[in-house]
Amino acid sequence: MIEWFNQIQWEYLYDPELAWNSVPVLLEGLKITMIIAFFSMFFALILGILIGIMSMSKLLFLRMPAKIYISFMRGTPLLVFLFILYYGIPVLGVEFRSPIVAAIVGMSMNFAAYNAEVIRSAIMSVPRGQWEASASLQMGYIQTLRRIIIPQATRIALPPTFNIFMDIIKGTSLASIITVQELLYSSRLVAGRTFDSMTMYITAAIIYWIVCIILGYFQDRLEKRYNRYLSVR
Amino acid sequence: MIKVEALKKQFDDLTVLESIDFSVKKGEVVCLIGPSGSGKTTLLRCLNLLEIPNNGTISISNKTVVFDKKAPTKKEMLALRSFSGMVFQGFHLFPHKTVIENIIEAPLTVKKKKKLELINEGEQLLEKVGMFEHRNKYPDALSGGQQQRAAIARALMMEPEVMLFDEPTSALDPQLVREVLKVIEKLAKEGQTMVIVTHEMNFARRIADRVLFMDNGYIIEEGPANEVLEQPKEKRTKQFLQLLDDTE
């Protein structure tokens, strides 16, 4: 065992010097990654809330499109969808200014479906009594949703929503395939020049992880805030 | 104050209420009793329009709404609902709001009253139900009895003409029942019109001006509390009360 350990040539697996020197290039990539991730989270959440609420509507012409949308987006791979968007849409005469925009549009649309499901289930998990109490106090639908249901649903939706956010951050790596020069693309660039892909992939992985740890910290803080009214006995 | 005529309610094929007629005078306290599944809770919920009746007429105060195949408009139903306040078996306080926030929520957002005035008003009401010292606590930090008293105050804040109670003490530990019943008795003494679904027969005997016994979706018997509870005329009422005596 020890023998095996000693004979590994670590410099082939990970070269700290190369990793350190490539940080500036990787940070350039990270910037793009964060831009895509940030906008995708934002639009996926807004779109997700909208579609989530639509999917619960009693009105068929609101519910049906939402259901079909969710089904399609959850049922197709993000990468395939990005290909269709980036290479297919120009055929229709519309061209994305940059692949970054295509990535943001594609990721927002795709992850909105997951957000919609999280929001639907969170709203449904608020007890029916809350709706009835609000109704008996003459509160309207929008008012009840905004002041009573959503604050409680938010607490329930937080952990799965942050799961999606982390998926979005990691999912930005797919954008490298449609030529977006984000974090993974940058690391592959360096890897191609130095013939040391392992160092670059591991470094990229660590950077993704750090970003997700920071995001997890925000999740923690938000959860504490939204749980403050519970079990204070 | 309340007049119900030929009320009928079906859930799919199941008829829960059948030709219900009854009325409640201003200041009167009416208790609905009967076995579970008899329709008493559904009847109460119809008065607050948490259930929409299939047929019949409901009048509360000066508002009359007729139910038939064509459902009444939202506006009409809201108008009818504004005359009644509802207290639930499960309290249903808003868990993310403190007691005082709970009780000013509806007048604040529905009636658009001033917040400071409402807090003033609300604190007086909380004093009355013995909840003043808990006004800044969240519901989760309160006992069931305290939650129910806060829920009563919340309904009263909308100044309803009629208070509807749906088994207000059924979800409570036995030692907490009294504090809630005392609040309801206090309201009765003040002349608040109330309809109460209850399984507390002693309470009904003490507080009710009239008792309605329901079974299988019909009102079987109605009359003054002591008559219905002490000398029931109908066989089913007798059976029901006998059963309660046996279990006590």
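Note: Cβ is positioned from N, Cα and C throughout, glycine not excepted.
Unlike curated entries, TrEMBL annotations are predicted automatically.
Because the structure is a prediction, the values reported are computed rather than measured.
Annotated features in TrEMBL:
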type	residues	note
DOMAIN	A:30-219	domain 'ABC transmembrane type-1'
TRANSMEM	A:32-56	transmembrane segment
TRANSMEM	A:68-88	transmembrane segment
TRANSMEM	A:100-119	transmembrane segment
TRANSMEM	A:156-178	transmembrane segment
TRANSMEM	A:198-218	transmembrane segment
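Counting only same-chain residues 6+ beyond the ends of the transmembrane segment (A:198-218), those with a CB under 8 A from a CB of the stretch are 12-15, 18-19, 22-23, 26, 30, 33-34, 162, 165-166, 169-170, 173, 183-184, 187-188, 190-191. Sequence-distant contacts of the transmembrane segment (A:100-119) (same chain, six or more residues past either end, CB-CB distance under 8 Å): 32, 35-36, 39-45, 47-53, 55, 66, 69-70, 72-74, 76, 78, 81-82, 85-86, 89, 153, 157, 160-161, 164, 167-168, 171-172, 174-175, 178, 180.
Using a Cβ-Cβ cut-off under 8 Å and counting only residues 6 or more beyond its ends in the same chain, the transmembrane segment (A:32-56) has close neighbours at 62-63, 65-67, 69-70, 100, 103-104, 107-120, 123-124, 145, 161, 164-165, 168-169, 171-173, 175, 180-183, 211.
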